Amino acid sequence: MPKHEFSVDMTCEGCSNAVTRVLNKLGGVQFDIDLPNKKVCINSEHSVDTLLETLGKTGKAVSYLGPK
């Protein structure tokens with residue numbers, strides 16, 4: 001399963017909870033949230049575009065850092 005790393009502008013636990021909510025709703029993903037470094041690593045067969053769109057639903061600034 002491909003692993004991707006994203007930068008997400010998270011500042012608190014509420015932000016990381018929002019990321020957890022949207023990714024769990026998408027399904028088919030395993031992920032780790034690194035709140036201090038504002039990064040999310042996702043293992044998923046979903047496309048990068050789908051993952052970006054899903055993370056964008058949190059209302060936070062999101063960018064794709066590349067494969068991990």
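The backbone N, Cα and C atoms fix where each Cβ goes, glycine too.
If you look up Swiss-Prot, you'll see 1-63 marked as domain 'HMA', on the strength of sequence analysis.
Annotation source Swiss-Prot lists Cu cation binding site at Cys12, Cys15, citing similarity to another entry. Here the Cβ of Cys15 (Cu cation binding site) has 18 other Cβ atoms within 10 Å, regardless of which shown protein chain they belong to.
Annotated phosphoserine per Swiss-Prot: Ser47, in sequence order. Classification of Ser47 (phosphoserine) by DSSP places it in coil, neither helical nor stranded.
Taking a C-beta cut-off of under 8 Å and a sequence gap of six or more, Lys60 (N6-acetyllysine) has these contacts in its own chain: Val8, Asp9, Met10, Cys15, Ala18, Val19. Residues or ranges marked as N6-acetyllysine in Swiss-Prot (evidence: similarity to another entry): Lys60.
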Ask   = Near the Cβ of Cys12 (Cu cation binding site), how many other Cβ atoms are there if near means within 10 Å?
value = 9
